[in-house]
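Lifted from Swiss-Prot, the feature list:
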- 272: active site (ACT_SITE)
- 463: active site (ACT_SITE)
- 525: active site (ACT_SITE)
- 185-424: disulfide bond (DISULFID)
- 319-333: disulfide bond (DISULFID)
- 343-366: disulfide bond (DISULFID)
- 350-359: disulfide bond (DISULFID)
- 388-394: disulfide bond (DISULFID)
- 216: N-linked glycosylation site (CARBOHYD)
- 493: N-linked glycosylation site (CARBOHYD)
- 514: N-linked glycosylation site (CARBOHYD)
- 1-18: signal peptide (SIGNAL)
């Protein structure tokens, strides 16, 4: 799943609460203030005090804020995140260990006799630890499974992954990497909540998922960046780019240990803030000429990729122009329209400079002005049709997943080295925000990818936070050689035979010049959760190359 938007009203968010995610519940009512003891000033207190005034008069006072913000931002020091407690398992506990140094030392001759390294990249600092998971221990699926850690020994980073073979034809079916967003949310929530082999029930039992995406593909679920889910590190992570080299190393070492998968088609898929991650990761892979990763396409669901083009569509989606009744009243909608020009000017400054100084203010102002009004209603930001349920992320099922994964026998079966699991790490979310990553223009990498592979952007049409209007708009605005033909292409029906044997229209699609956009009807932010059969239908069609042009 994954994305959150915690704490969009800046005053309280920066100082004490989770900042923005692309997935987040409405803020809890603030308790009555109590007398505070004299303590050392919080490093964010000055920033909080300045931005507190934005709550009701963001537009009127922003010029004053901008007069003061340079010194404030320059003095920001993100909070020190205490490292997770962990117990490193001995090497004897692992089925395989792949040493990056051994792979980096391998040289081969090409047809002309030129000697070069077998695979590109700096790999010596990495090891991949692999454990064969006994399917009968957990009952998640009866297919072959592996779990383990990618270790960056130089930087003390340890990324957890869990691999499931295809239920159909593991020797011939494609392989997929799945990433959730946040930033800071575990991909195991996507696995159990959306598209993995099983879900977790209210009584913390495993329930088989007949619509799992591993029905016709093998899948790696990866907890990244570090300190997300079962991953851990003593080092903080604060931007999208940092993880790309780690993921390249993980895939390279994994396919070295399991060469049978390396020749099969490989795809990267994810949702929400993975709209930032995936263009960077895919570009990193494709920049390595000698690689054992057969990357064929990328898939981004309800993603945040081009804020400048996507943010103008928050008001239409909240105000009844996205195919569902309005959530906000007309006065609030007009106030969002008035705030938009300033928001776009600030995002443009972020795009022009790509610095914390320009990108952080854009995140704060735009999220308060264009997302904050919706957040205050109590409506589910991931599904405009329903109210937010329970605490945290609006879906009680996520608590079931956390309870299941924190059971000692589960952690032991997987070789987990940390002492607990949490679905989303708000410290990471805050760090990404404070370093300006939220508003950066990662869509600029997509044309490079389109020249080499198909790209799918899909969106459940009931989502607010990364809505279909914005995702359709940015694909149509994207500057690449196929822009005109793609933008002019009509939307066509997506159909399937449903479980009752009836031919059903479940969405719309447009595709040209390697770029495809899908609108999935009756689905929210987590499309496979709301429409499991339809999601498996379009995923299988995509993986089979139905819209490929390269």
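Note that Cβ sites are derived from N, Cα and C of the backbone, with glycine treated the same way.
Quantities reported herein were computed from a predicted structural model and do not represent experimental measurements.
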List only the single closest residue to residue 388 (disulfide bond), chosen from the recorded positions 216, 424, 463, 493 by CA-CA distance.
463
Please report how many Å separate the Cα atom of residue 493 (N-linked glycosylation site) from that of residue 343 (disulfide bond), as a whole number.
35
Just the number: how many Å between the Cα atoms of residue 424 (disulfide bond) and residue 525 (active site)?
16
Let me check the 10 A CB neighbour count of residue 272 (active site). How many other CB atoms are there?
33
In three-state terms from DSSP, label residue 493 (N-linked glycosylation site) for me.
strand
Cα distance, residue 185 (disulfide bond) to residue 394 (disulfide bond), nearest Å?
15
Which site among 319, 343, 350, 463, 493 has the most other CB atoms no more than 10 Å from its CB, taking these as recorded positions?
463
Tell me the Cβ neighbour count for residue 185 (disulfide bond), meaning other Cβ atoms within 10 Å of its Cβ, over all protein chains shown.
34
Neighbourhood of residue 366 (disulfide bond), C-beta criterion under 8 angstroms, separation at least six:
307, 311, 343, 346, 347, 439
Cα-nearest neighbour of residue 463 (active site) within the listed recorded positions, 272, 359, 514, 525
525
